[in-house]
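Comments concern the structure below.
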Amino acid sequence: MAKRDYYEVLGVSKGASKDEIKKAYRKLSKKYHPDINKEEGSDEKFKEISEAYEVLSDDNKRAQYDQFGHSGPQGGFGQGFGGQDFSGFGGAGFEDIFSSFFGGAQRQRDPNAPRRGDDLQYTMTVTFEEAVFGTKKEISIRKEVTCHTCDGEGAKPGTKKKTCSYCNGAGHVSVEQNTILGRVRTEQVCPECNGSGETFDEPCPTCHGKGTEMKNVKLEVTVPEGVDNDQQIRLSGQGGPGENGGPAGDLFVVFRVKPSDKFKRDGDDIIYHHDIGFAQAALGDEVKIPTLNGHVMLTIPEGTQTGKQFRLKGKGIKNVHGYGYGDLFVNIRVQTPTRLNDRQREILKEFAEASGETIQEQPSNFKDKARRFFKGE
């Protein structure tokens, strides 16, 4: 059975942030955990959810999955979920994952540690010609950036920060909860200072204490020569802003290529259909064929049939990785005339007689048809 899309498994969009993916995973894993959900199939569902989270929570694995799908560049994702071992869930142990149901997983992470920003995705539509020859295009993307007023501090400029009185500057607080395992003490990110260990008297009037704001950002994107549908490029550092001095995430630009009116693309190869007349096919000819870089003359041999294919080496699309050029394939279609004048009809009759063919002439109008009918012809 084919694997479901990881984003579909977690119920999130392809542009979901890491926080949205984590929230979706926690909700689903709590619902389908075998120790809680005894319904048939819950263990398989739990493994599927865990496998999806393991890939989408890791920046590198997610980028590879977005580009290659389930196959992956080295043969696939999620190979470690074939048995009943639940020890590997996105790098955390069973105890960590189970405790996350009650908010305890945050004790494993320093809330003040630098954190990388979220990766973002932008879909760019380009014409066939732009994809073939490459170009530069400007895009406008709405994304979260460091607040220009407070420079990411969250506090109103000129005001002072102070140690959080709720957590005494620790950035986390201890919480006791009654669970199915009994009374459990866990550590959670401080809700007052959001893990920073500091608060301020007045929040920034622009970002309201968040430290970031939404802005439309213009970027110049280089469309690689030879790019194809669903291929992507990475713009390093153009994703979401990092936290606590962490680096910004990356922006992935995914390309959608419009089809050509003239050529059909097949990887780096292109296909062109060329129509020739009956006489050209029988006697042979030289015809002008369009390519990506002007026209070339193609020799049509005597007796060419419909479906005959000619290959023009190196006349295709440049490989996006620089591995040479594809080919241009010309498919011939012989057009049978649908209307003949008297001279053309006589010539074809003579041709048929010379070829030993017997042609039963068809009546050309209603009067001829009626005459033949009553004569029994």
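Heads up, the Cβ atoms here are built off N, Cα and C, so glycines get one too.
Heads up, TrEMBL stuff is auto-annotated, nobody curated it.
Marked as domain 'J' by TrEMBL: 5-69. If you look up TrEMBL, you'll see 134-216 marked as zinc finger. If you look up TrEMBL, you'll see 134-216 marked as domain 'CR-type'. The Zn(2+) 1 binding site annotation in TrEMBL covers Cys147, Cys150, Cys204, Cys207. What TrEMBL records for 147-154, 164-171, 190-197, 204-211 is repeat 'CXXCXGXG motif'. Annotated Zn(2+) 2 binding site per TrEMBL: Cys164, Cys167, Cys190, Cys193, in sequence order. The region 'Disordered' annotation in TrEMBL covers 354-377.
Positions of TrEMBL features highlighted on the structure.
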{"residue": "Cys147", "record": "Zn(2+) 1 binding site", "DSSP (3 states)": "coil"}
{"residue": "Cys164", "record": "Zn(2+) 2 binding site", "DSSP (3 states)": "coil"}
{"residue": "Cys190", "record": "Zn(2+) 2 binding site", "DSSP (3 states)": "coil"}
{"residue": "Cys204", "record": "Zn(2+) 1 binding site", "DSSP (3 states)": "coil"}
Where Cys150 (Zn(2+) 1 binding site) and Cys167 (Zn(2+) 2 binding site) are concerned, what is their Cα separation in Å, rounded?
24
If you measure Cys167 (Zn(2+) 2 binding site) to Cys207 (Zn(2+) 1 binding site) at Cα, how many Å is it?
23
For the zinc finger (134-216), give the DSSP counts of helix residues, strand residues and coil residues.
0 helix, 41 strand, 42 coil
Within the repeat 'CXXCXGXG motif' (190-197) only, compute the mean pLDDT.
78
Within the chain of Cys207 (Zn(2+) 1 binding site), which residues six or more apart in sequence place their C-beta under 8 angstroms from its C-beta?
Cys147, Thr149, Cys150, Gly154, Glu213
Would you mind splitting the domain 'J' (5-69) into helix, strand and coil residue counts from DSSP?
46 helix, 0 strand, 19 coil
Euclidean distance between Cα atoms of Cys204 (Zn(2+) 1 binding site) and Cys164 (Zn(2+) 2 binding site), Å:
17
